[in-house]
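Student: I am attaching a structure below and will ask some questions about it afterwards.
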C-alpha cells in the first residue's frame, strides 16, 4: 500500500531530469501534465504523470484546480545575520549614498557588527524564523552563506548555525564560506585580509561546501578573486563568485575559466562573458529582487545569456541590506516582468537549474526522487509569477509528509 496519492491535479509540473543545467532554449522546455497524479511511498515518488486509478494509498489529497510542482530551490541566500537595517530606507529616500550611509555607521559593516554581537543561539533563532518563512513559501532546498563575520570566530559561528538548521530540519541545504565578502575596518589592507580568509579555508571546510568571494570595485579585484578561488579549490572546495554586480570587471569570465559552479549577480557582465557561457556549465544565478530593492533600472541580461546558450537560475539573495525578501515567489514575478523570462523559464530556473547551481539532487519529480512537493493554490503554472506579492503555496510536502498547510478558514 502506498502512503499518499495526490490526484486530479490541474497542472503537474515536471521539470526535465538532467545531469547538467538546462541551457539556452532548453530552459523554456517544461513538461506540464493536465489532470495529473502523484503517488508516494516511503517518502519517495512512485509515480508522477497523467491521472490513473491503478494505485491505492492510505491517504489521498484531491488537488482539483491546483498546481503541483517540485519544492523550490533558493540557490543564493545570506540566511544567518544579526540585526536589521530598516532605518536605512529613509536615509536612501533623503538621497544619501551608500558611502555616506557607511560613514554614518550603516551598510554592510553595521550588519557585521550586529552579527558579531549576536550569540550563536540567538543567531540560530533568527535564522530559523527566516528559514521557516522560506519553507512556508515552498522552498525545501537552500544555500546559506557566511560573510557577515569577517573574522575566524564569527564566520565559523555563521556556518555552524546553518549546519544546525540543516540538521534540525533535515533539509537539502548547502553552506558557503563567504569570508571575503567585504573588508573589515580593522584590516590593514584588502590583500592582508584576503590572506587571512585563505588561511581559514582548511578549518571551515568541515562546515562549508563552497567558497565564495565578492569580486567588485573597492572590494576584491579579478586577480585577488582568482587567487582565492584557486586556493579554495586546492583546499577541496567547489567555488562560486559574486561577480559584475556594479562594474563589468570580468567576473563572469573568471568564473567560467575557474569552472565555478555558479557566478551570481551579473548585472554588469560583458558581452564577452555572456558569450563564454556557451561552452560552460557554470550557472548564472540572477538576483532580480536585489536590483528591484535597490531601485536600479538595469537588470541582468537574462535573454542575452540564454541567446548565448547559457544556463541561468534565480534566487532571492536574501540579506538585510539589498534584498530583504525570503519569498522566492516574488523573485519569480520580478524575473517574468523585468528579465523577460517565460513562465516555463521561470519554473526551471527555481527548480532544476537552481539545484544545479548548488550541486544537489532536487527540483524534479521522477520515480525514486524525494517526495518534496508544493501544492499551489493556483489554476495553472503561469498564474504564480503573474499574481505577485502573495503566498500561493497551499501545502508543502517533505519526504511525502505535509509539513505546511496554509489553508485559511474564516468564521463568519
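Each residue's number is its place along the chain shown, starting with 1.
Just so it is clear, glycine is given a Cβ too, placed from its N, Cα and C backbone atoms.
Feature annotation from Swiss-Prot assigns Zn(2+) binding site to 76, 78, 242, 317; the stated evidence is sequence analysis. As annotated by Swiss-Prot, Fe(3+) binding site applies to 76, 78, 242, 317. Annotated 4-imidazolone-5-propanoate binding site per Swiss-Prot: 85, 148, 181, 245, 322, in sequence order. The feature N-formimidoyl-L-glutamate binding site is assigned by Swiss-Prot to 148, 319, 321.
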Student: Using C-alpha positions only, work out which of the binding-site residues 85, 148, 181, 242 is nearest to residue 321 (N-formimidoyl-L-glutamate binding site).
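Tutor: Ranked by Cα distance from residue 321 (N-formimidoyl-L-glutamate binding site), first place goes to 85.
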Student: Where the record says 148, 319, 321 bind N-formimidoyl-L-glutamate, what is the longest distance in Å from one Cα to another among those residues?
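Tutor: Overall maximum Cα spacing for these binding residues reaches 12 Å.
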Student: Is any of the binding-site residues 76, 242, 317, 319 within 10 Å of residue 181 (4-imidazolone-5-propanoate binding site) (Cα-Cα), and if so, which, in sequence order?
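Tutor: 242, listed in sequence order.
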Student: Relative to the Cα of residue 148 (4-imidazolone-5-propanoate binding site), which of the binding-site residues 76, 78, 242, 317 have a Cα no more than 10 Å away?
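Tutor: So the list reads 78.
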Student: Counting other CB atoms within 10 A of each CB, which of the binding-site residues 245, 317 comes out lowest?
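Tutor: With the binding-site residues 245, 317, fewest surrounding Cβ atoms within 10 Å: 245.
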Student: Which secondary structure state does DSSP assign to residue 319 (N-formimidoyl-L-glutamate binding site), in the simple three-class scheme?
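Tutor: Strand, per DSSP.
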Student: So, three-state DSSP: helix, strand or coil for residue 242 (Zn(2+) binding site)?
Tutor: strand
Student: Hey, how far is residue 317 (Zn(2+) binding site) from residue 85 (4-imidazolone-5-propanoate binding site), Cα to Cα, in Å?
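Tutor: If we compare the Cα positions of residue 317 (Zn(2+) binding site) and residue 85 (4-imidazolone-5-propanoate binding site), the gap is 16 Å.
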Student: Over all shown protein chains, what is the count of other CB atoms within 10 A of the CB belonging to residue 242 (Zn(2+) binding site)?
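Tutor: Result for residue 242 (Zn(2+) binding site): 28 neighbouring Cβ atoms inside 10 Å.
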Student: Using the residues the record lists for 4-imidazolone-5-propanoate (85, 148, 181, 245, 322), what whole-number Å value is the largest Cα to Cα distance?
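Tutor: Output for 4-imidazolone-5-propanoate binders 85, 148, 181, 245, 322: max Cα distance 21 Å.
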Student: Residue 76 (Zn(2+) binding site): which of the binding-site residues 85, 245, 319 is the nearest Cα neighbour?
Tutor: 319
Student: Can you grab the distance from residue 322 (4-imidazolone-5-propanoate binding site) over to residue 78 (Zn(2+) binding site)? Cα atoms, rounded to a whole Å.
Tutor: 11
